[in-house]
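Taken from Swiss-Prot as is:
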type: DOMAIN; residues: 164-334; note: domain 'Helicase ATP-binding'
type: BINDING; residues: 177, 178, 179, 180, 181, 182, 183, 184; note: ATP binding site
type: MOTIF; residues: 280-283; note: motif 'DEAH box'
type: DOMAIN; residues: 492-668; note: domain 'Helicase C-terminal'
């Protein structure tokens, strides 16, 4: 291929990009700019999947300025073409049009040309292509786009938050749900929607170091988003590709420490243009008005440069008011500029909360409540709504009127748009925790080794000594060697074996602090009783952990027990089990909550049994009793645990280090009293209004119902299997709702999008996917389906076919021509065009006289009456009626113009209606709620103008056609 600057080429694999221009060349690569879709592509020049665009005499070509030229002569000079001919608008002759000025929106690859050339496709491929077009159109139009395909349970408050935030332009919000309510999933859903809608192409996630892998796995497993972890080593590697390593990947995940410690890397991260910044554990960012921490400054710098920001943090009550204000300041420093003003404003929300509570309760509104609501909504006339609520209207009308008042009041609520927070108290459906504390006698082997260790290890700091005393099996191994079988005499192991034998049908999760303990416990279960167990620790790769988790999840033939180390279990959830054994205890109340959170999460169907075997007279007993009696941390979530621990830690560490528990009862009493007081403060500070707003109420239930209705879509299953067949993938039914899909030697393309080289196990069932992490959950949004549809379209699969209709009511040889047109507007994805005018199929069924019968002849039922024709016969049939086909296509082109105009008008109308009502709502709110950002209003205004232009320029093209001939035998 000989390239030259300014030449026009079209992509073979991405024809929707429009016409490309060669803008850069070097020894090995060529860069094409596709101005219509605002995309650039770099190809290897010796093997670029592009085709040179050359027009011939008689063709009509369009200039970028909008006028057309009928080509009369083609001149080539230095590899560039100039077209000479007549301008169709002014009829001026001898006009020259250089190829660089050709319109960027020219289309090619006509299906009729393929048909005339005898490149006729199989009938079932034509059918698959039409279904792909229809399904893709429906998916793009769906208001639930981006929410159906994630591997997560349908939990109302999560879906509500994601739906509310995910559609905004550059959302800047604080997600502050309590532990176990799924903030990571909410963030993932928002990211997923922003990516699918084209609003976020470059994303940076900043998390504590220990959570990097958890986020990597969650994004990949649940949302099919592949992030790259960046550390110093990765940045040095990436330097070969770019001066700024952060420019080498679109989706980047890194730790806050990494950016905090290296000014150079922080500055590089600042310079990379991100669309969305996500910060987890944002409550650890310390801030005070005069001295913000380095970590806070790092996030502040990134947040100032990035349009969209999601902060995931503890609840505002846990943070304290000032710290909570500091998070809001990161989102909008103009709005949250002064702490004192913020506190004063918060106090003014009490009447709003009272008014909404009155509406929620459904009781008759008192005059005082009505006056309050009228005053709060002073700029609108609320009397008609009051009349409906008090009339004899049906319950539904009353509920709608109530909801409208509630929505309007919510909008006035200061931080309602930037802060979402759900509590366990406000969300139903959590299991009861049954706690079983099991004191056990300490083996003499431990007593001896601990006494000796105490005598010779006197120099240890109290905290280190306390830590050591919690794990007597490790002290024993120090003296007897690592191979010593402590598990032969430890009564906790004996108890565990008996429990597992007694409950063979129950899945049991065992958590120990150390990886070595977990490995030795597995050995004990295997060697002593042949119990099927699997281990999970930080030394394993993500893939190995997945396999272990899948083995544990398997109902038949799976492991009965999963033994996890502390770090290994981070971020993994096993809701299908309800038996938790804590083989030892963590030092920290937050870690204890994390352990229980592996099972006690939203979505757990059964009550949980928590078993805590501990050795009497040891540090384990001190800690078990303090957690249980001082904090009640086993039976309930304990948001106050850390604060209480900080107050009594000195006395606690002293007891754990010395082994004496004389002061234990006093410390427990003091802790319990402190805990009660802190919890009462939290309850007092609960923001009822925020809770009502965050869980979404009735609206959240509707979203769940809508997605659940799509979940059992048999249409998807049959489409996916046909798609895999057509592209050439092997399929093997594995039972348990699972199919194994592997690449074959006869595939249409060397590698299939979204499918690993070794293949994948897939399921169409959400529940199966939730319990089996090794399976891909296939939905319309999954890359294997989206990529497959893109492949069909770009490879031109099914663009022309010939079928026979055996129908004795019609004369033999009767012709029908099925024409499928596609209407679309070439526009950048981020413009939001997909919501109003995605690629829209129009089907015409032309008879020999040029009448359209598509309204009378439905596609699927008609298709069942047709039979395929072999390629040789099909080619002969086409040759014999080529003139008729040509004539009917021309008639179809005339007819479709009206349909296209109607589609344009409908898209304009829907876009104006939807965006203008949102714009008006935000403008009205801006007057009463300073939380509405100017950028949001400006973005919608610009979007309306932009979309008007794109929709007006929407074009149609013939996507595919099928010739149907009537026969009687």
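Here the Cβ of each residue, glycine as well, is placed from N, Cα and C on the backbone.
Proximity of distant same-chain residues to the motif 'DEAH box' (280-283), defined by a Cβ-Cβ separation under 8 Å and at least 6 residues beyond the stretch ends, is recorded for 174, 183-184, 187, 205-208, 211, 215, 299, 311-314, 318-319, 323, 327, 330. Across the motif 'DEAH box' (280-283), DSSP classifies residues as 2 helix, 0 strand, 2 coil.
Each of the binding-site residues 179, 181 was scored by the number of other CB atoms within 10 A of its CB, and the lowest score belongs to 179.
Listed in sequence order, the residues of the same chain lying 6 or more apart from residue 182 (ATP binding site) and placing their CB within less than 8 Å of its CB are 152, 155, 158, 601, 602.
What surrounds the ATP site, by Cβ distance within 8 Å of the Cβ centroid and not counting 177, 178, 179, 180, 181, 182, 183, 184, is the set 422, 602 from the same chain. Neighbour counts were taken at the CB atom with a 10 A radius for the binding-site residues 177, 178; the maximum falls on 177. Confidence in the domain 'Helicase C-terminal' (492-668), given as mean pLDDT, stands at 87. A simple way to gauge crowding: the CB of residue 180 (ATP binding site) has 22 other CB atoms within 10 angstroms, across all the protein chains here. Taken residue by residue with DSSP, residue 183 (ATP binding site) is part of a helix.
Once Cβ contacts within 10 Å are tallied over all protein chains shown, the binding-site residues 183, 184 are led by 183.
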